[in-house]
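A.B. asks: Okay, handing you the structure first.
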Amino acid sequence: MLDRRDNIERHHTNTCQWILELDEYQSWRNQPCGLLWIKGKPGAGKSTLMRFLHDVLEEIQDGSQGSIRLDFFFSARGTDLQRTPLGMFRALLNQIFDRDATIRPQVREIYEQRCRQFGFASGEHKLEWPQPVLEEILASAILASASNQHITVFVDALDEAGAQSAQQIAVYFHRLVDRAAGKMLPLQVCISCRHYPITEIAQAIEIIVEDHNEEDIATYIKDTLLHTDVGGYDPSRKMKNLLAEELTQHSNRVFQWAHLMIPLIKQKMLEGESFKDIHHWIQEVPVGLEDVYMYILSNVITASNRHQSFLIFQWLCLAQRPLSTTEMRYALATKNVQFESSRSEYERIHSFVESDERMERRIKALTGGLAEIVSDGDWSGTIQVVHQSVNDFLRVKGLAFLYHRFNASTASTGMSGDIVLLKCQATLYRSCLLHFATICSNGAMVGFDSDSEESWDKLGEDYPFLGYATINLFNHAEKAAHSRGDLLQNEIYILQEIMAVWVQIYRYICGSRGLAIGTTVLHMAAAANLVDVMKSVLLLDVEIQDKEGNTPLHFAARVGNITAGKILHERGADRETKNHQGTTPLIEAASCGKLEFVKWLLDEGVEAETAGARGGALHAAAKEGHNLIVEILLGAGADPNAQADIQGNALQAAAYNGHSKTIKILLDAGADPNAQGEYGDALQSAVLGAENIEIIKLLLNFGVDPNAQAGPLGNALQNAAYMGNTEAVKVLLNAGADPNTQENSLGNALQNAAFNGHDEIIKILLKAGANHNAQGGKYGTALQVAAYMGNTEAVQILLHAGADPNAQGGEYDTALQNAAYMGHSKTIKILLNTGTDINVEGKYGTALQAAVTQKHVKAVKLLLEAGAKPTSHALWAARQGGESEIIKMLFDDEWFKSRCIARKC
């Protein structure tokens, strides 16, 4: 995820220094808190400049203990995490967690809270982190860290996140800087972006790269030409300087233009062309970046390479992720493979590139220098275009130009670029399908041991393109739309042949939760909107179900394919059919935010209130915060107070997941905020779930009772104390929550806080009048709870507040007995120093007997040294446990020896 920065070429010697001297940069650096925007046209050198600034500050700050740098360099050509806001938030949070130990406890606590709610990640169960949750965690972590040191954040190529995401991220960092400024915390943020989509930047310092980079471009060109060794023929320094001046003028202050031209100039020098010839050639080369890309396609790539060039550009531009060098070799060859080809037949294809090393050499020839090998962590490297502007050009003009070049008849028809993109997607789809089909036709899965990792590894080695082809087969099919039929005559036959194996491999790669066993061609055709395929296979059962009871209509609903839905309904599909969880197509569409599909189903008369085990459509939409769908369903008669087995009613689901706008809509529609569900009422759901303070305040202002008892942890205050939500505790206390209410398996709010060691909350509750000696719950007083859990800081706070160390009650009696039973040596020491009665007896006898019973050697030693009496019960427990070291300690104890002498034992 962080490879992008390392793959940006370092600045050329004696370039980029200008930015350090600019008044704007100096102003930003001298402010304790501020936002710097580095803007520029495509190819101006923004990313190189951002890496330069990052490296400069790295040198300055490495010797300082009072600063931290965070960075994320977007890459639209990279993986999902390299080009999405979610990837950025995860990367930045990971960095600050690694670099500042002081914020780790609060991040760990949030992680543990979510684990307590959703279960720990293991196997196929992955803990999901919604982006809004990550946003607030990161903001809180940065602000907390900034209270101890200076924080600098670099975000490069924001435009490559997409227009909408770029705007949202810009707003996020504006607000974060404002929050830091309000707290007088040292936070500096530097963001680079094209002039679009971020057009106006309020309260930020701005630097336009092309206003300052001309001298850098001149230096780069001149130095590179002067150090070019062309063998016997070598133009004079004067001639090279003249060429450099000419190239600089033509560059139009676009570094990328110069970067592409230099290798071409070198090649001409190596070929012995005269200065005059090169000069004339420069005049012919277009000045605009897009025009020079077109020039390379037209004049630099040789005629013998153009067919392969067109194919590799399709993969570079339209693949769902960058392909590795090995994957690209097989992707290029698959275009010429037959349905029944084996791997050995792949390698006999005339155009097949037999090794990664040769592929690396072929890249420059096939792309004219517009692509390169990019190091990618554990991979051998991926092939990517050299700049995002190349990808933009290919999509808009380049692919269409190449297509018409090889299909002369289409050039005169005025076939649009969009149609060409569909045809290119069809080519990629065909390659994926045929590569996958070779596995089935060659019997690679016959006798395949799906439980053996070695078998899967061998399959991946034999078919290197298999992973990509499996995951993205139907992605490319959907994007190709009707153009698929132009390339495949036997598509449906192949799909039916491979389907069972495709599902098996897909489930191995993506986990069994991705697709259920029994998924058919009709299911996937409905999901990918392959209307022609659907019509061909609809002679089969239109209500066919996978192992989880999902019909093709469920699949169509998930992705919002209305055309597929209509076809299925016309052929008899039940629009209100339920899967094994009781989920209908309406619930699927509502959950996935497919507004138009929801409207269609409602217009067709589908009942808005039909509910499954996990709730109805309204509950599903509210849970995900799909507000327009919530409004439509309410208008169609959905009951806002209908309860589901999970997360209660729609209001509780919205509160739990942090959707404030959804909550307002539901309250206005008559949702009862005091209704009880799985987690209690809406207020308790808000505290247990997203922990959004604004939602808690909203519900309190609406009149929700903060002392209402229900749910697994009691009232809202008990929930907040258990979860460690300090701000929520403060808000609830201010709203009149009673800190001494019991009715909970752990007792009152103080006992809940003590259980999880939330020390700040313990202090707040004590100050608010919480009774530190109140008995309740499984473990007794708050001190007994803290002692049982070994929360030493909490134990000390409670003792300082006057908690009675000798209070008895709960499962394990006194605090000392609780600590001894669990073997918490540090807690035992603290309690012993308070003068607690070491020999008092309870359910497990004395504290010593409790420690002996659980075989806690260190605890036994501590207690004996402090004067605990090894009674016959303790000795009996030691013998039963068979712990020889403990038995010896008991027999060696002076009190025990004197007792034996007195009794003549």
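From the backbone N, Cα and C atoms, a Cβ is placed for every residue, glycine too.
Below are the features listed in TrEMBL for this protein:
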- 14-194: domain 'Nephrocystin 3-like N-terminal' (DOMAIN)
- 305-399: domain 'GPI inositol-deacylase winged helix' (DOMAIN)
- 548-580: repeat 'ANK' (REPEAT)
- 581-613: repeat 'ANK' (REPEAT)
- 617-645: repeat 'ANK' (REPEAT)
- 646-678: repeat 'ANK' (REPEAT)
- 715-744: repeat 'ANK' (REPEAT)
- 745-777: repeat 'ANK' (REPEAT)
- 778-810: repeat 'ANK' (REPEAT)
- 811-843: repeat 'ANK' (REPEAT)
A.B. asks: If we skip the immediate neighbours and take only residues 6+ beyond the ends of the repeat 'ANK' (646-678), which ones have a Cβ under 8 Å from one of its Cβ atoms?
C.D. replies: 130, 132-133, 613-615, 618-619, 621-625, 627, 630-631, 634, 638, 640, 685-686, 688-692, 694-695, 698-699, 702-705, 708, 710-711
A.B. asks: Determine which residues of the chain contact the repeat 'ANK' (581-613) at the Cβ level, with the cut-off under 8 Å and only residues 6 or more beyond its ends counted.
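C.D. replies: Sequence-distant neighbours of the repeat 'ANK' (581-613): 548-549, 551, 553-554, 556-562, 565-566, 569, 575, 619-621, 623-624, 626, 628-629, 632-633, 636-639, 642, 644-646.
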A.B. asks: Can you work out which residues elsewhere in the same chain, 6+ from the ends of the repeat 'ANK' (617-645), have a Cβ less than 8 Å from its Cβ atoms?
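C.D. replies: Here the qualifying positions are 584, 586-593, 595, 598-599, 602, 608-611, 651, 653-654, 656-659, 661-662, 665-666, 669-672, 675, 677-678.
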A.B. asks: Per DSSP, how many helix, strand and coil residues does the repeat 'ANK' (745-777) have?
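C.D. replies: With helix first, then strand, then coil, the repeat 'ANK' (745-777) has 16 helix, 0 strand, 17 coil.
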A.B. asks: Could you give me three numbers for the repeat 'ANK' (548-580), the DSSP helix, strand and coil residue counts?
C.D. replies: 17 helix, 0 strand, 16 coil
A.B. asks: Under DSSP, the repeat 'ANK' (778-810) has how many residues in helix, strand and coil?
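C.D. replies: Split by secondary structure, the repeat 'ANK' (778-810) comes out as 17 helix, 0 strand, 16 coil.
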A.B. asks: How do the residues of the repeat 'ANK' (715-744) split into helix, strand and coil according to DSSP?
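C.D. replies: Output for the repeat 'ANK' (715-744) reads 17 helix, 0 strand, 13 coil.
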A.B. asks: Over the repeat 'ANK' (646-678), what does the predicted model average in pLDDT?
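C.D. replies: Summarising the repeat 'ANK' (646-678) by its mean pLDDT gives 91.
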A.B. asks: Please spell out the DSSP helix, strand and coil residue counts for the repeat 'ANK' (617-645).
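C.D. replies: Secondary-structure composition of the repeat 'ANK' (617-645): 17 helix, 0 strand, 12 coil.
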